[in-house]
Amino acid sequence: MRIIAHLDMDAFFAAVEERDTPRWRGLPLIVGADPQEGRGRGVVSTANYKAREYGIHSALPISKAWQFSQWAKQRGEPEAIFVEPDMEKYARVSEEIAKIAREFVPTIERASIDEMYLDLSFSGSYGKAAEFCQKIKKEITDKEKLTCSVGIGPNKLIAKIASDTQKPNGLTVVGADEEKTCTELAEVFLESLFIRQIPGIGPKTEIRLQELGIFLVRDLKKLSLEKLKEKFGKWGEDMYYKARGIDDSPVVEEYEAKSIGEQETFPQNTLDPNFIIGRLTAMCENVIGRMKRDGFKEFRTIALTVRFGGFETKTRAHTLKSPADSADALKKEALKLMMPFFDKRENPSNKLIRLIGVRVEKLE
Ligand code: TTP
Ligand code: MG
């Protein structure tokens, strides 16, 4: 019997920031671009649940989020806290979460920075699988002071949809030890959902289906395989099976693409090319040294990160046609990525630089 769980962290980036800065706890908090008092460009990465009450959500323009927060203030509610993302920190936390899951489950698949699938078939029953998930949830709360939501089902598709139905801090089981009951449960569960809750059905497909009078998964199941293929091609075929909860894709351990990098915050913000290039050169040598010590011979991708005084951060990367192995090659490529930051190509208002980072990826 296959038993799969999907675990997704609650308001991930925002929850990490709230955890790390006690005075922000309980306040509406947004992780995203600098709002610059409503003039900022860029978008919201995520908002905590308090900020979602103001109508703020992922991908909303940050200027809108600022506006919503100002309106809340006028109503006498707390203004939102705006924080810029710290991807390295979230990646570290993500790593810790995966480590916790691995203590309990032999096979996990990390699907994004804040979600993973766990193959719980070894546990033998839905009851046991739920117990494992409770233990993992508790360990994540105890060790990382964060909450997550988990869905359990007979495959990845059902588990993923289930994890999203009770957020935050939920545990939703859609399945049963007896196969026939399990299939029936999954069908009933799916039929009453909105089509949009099926992974892959985004706003465009949703509109096209609604034009055909389809709102719920139940309605979608009335379309034949031929009809769906005719309207949507291969994607129509996928939808046909998804609406029936059919998915036999395995949970596969992803070996993370290795990368090696260094970064350095300067003692003072600067735009002095001599100083910056000097530091960049030294960092390239260190990175190549570490790459060789870790047993890698060559790299193909070079990524340069530049953070300005105002914390705005840009990353530029280049992938070579064929792999390179020397510090000189890395320096040359890093310099090519760096030069535009000294002029108006990447730095039109001559902002001072606070930090640079260099990283090699696609190691062989
Ligand atoms: P999600 O799991 O989609 O969102 P979430 O964890 O913030 O909230 P939920 O409780 O609903 O799961 O995404 C995980 C992280 O990915 C999120 O914290 C920030 C980032 N993200 C973006 O940067 N941009 C986006 O548009 C989305 C959807 C997520
Ligand atoms: Mg999440």
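The backbone N, Cα and C atoms fix where each Cβ goes, and this holds for glycine too.
Automatic, uncurated: that is what TrEMBL annotation is.
What you see is a predicted model, and the numbers here were worked out from it, not measured in a lab.
Pulled from TrEMBL, these are the features on record:
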| type | residues | note |
| --- | --- | --- |
| ACT_SITE | GLU115 | active site |
| BINDING | ASP8, ASP114 | Mg(2+) binding site |
| DOMAIN | 4-202 | domain 'UmuC' |
| SITE | PHE13 | site 'Substrate discrimination' |
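According to DSSP, ASP114 (Mg(2+) binding site) is assigned to coil rather than to any helix or strand. Proximity to ligand 2 (Cβ under 6 Å from any of its atoms) holds for these recorded positions out of ASP8, PHE13, ASP114: ASP8, ASP114. Using a 10 Å Cβ-Cβ cutoff, ASP114 (Mg(2+) binding site) registers 22 neighbours. Every protein chain considered, the tally of other Cβ atoms within 10 Å of the Cβ of PHE13 (site 'Substrate discrimination') stands at 27. DSSP gives ASP8 (Mg(2+) binding site) a strand state. For the pair PHE13 (site 'Substrate discrimination') and ASP114 (Mg(2+) binding site), the Cα-Cα distance reads 9 Å. Each residue contributes its Cα atom, and for the residue listed as 'active site' and ASP8 (Mg(2+) binding site) these two points are 4 Å apart.
In the three-state DSSP scheme, PHE13 (site 'Substrate discrimination') is classed as helix. Proximity of ASP8 (Mg(2+) binding site) to non-local residues of its own chain (separation of 6 or more, Cβ distance below 8 Å) is seen for ASP114, GLU115, CYS148, SER149, VAL150, SER163, ASP164, LYS167, given in sequence order. Confidence over the domain 'UmuC' (4-202), given as mean pLDDT on the 0 to 100 scale, stands at 96. Around the Cβ of GLU115 (active site), 19 further Cβ atoms fall within 10 Å across all displayed protein chains.
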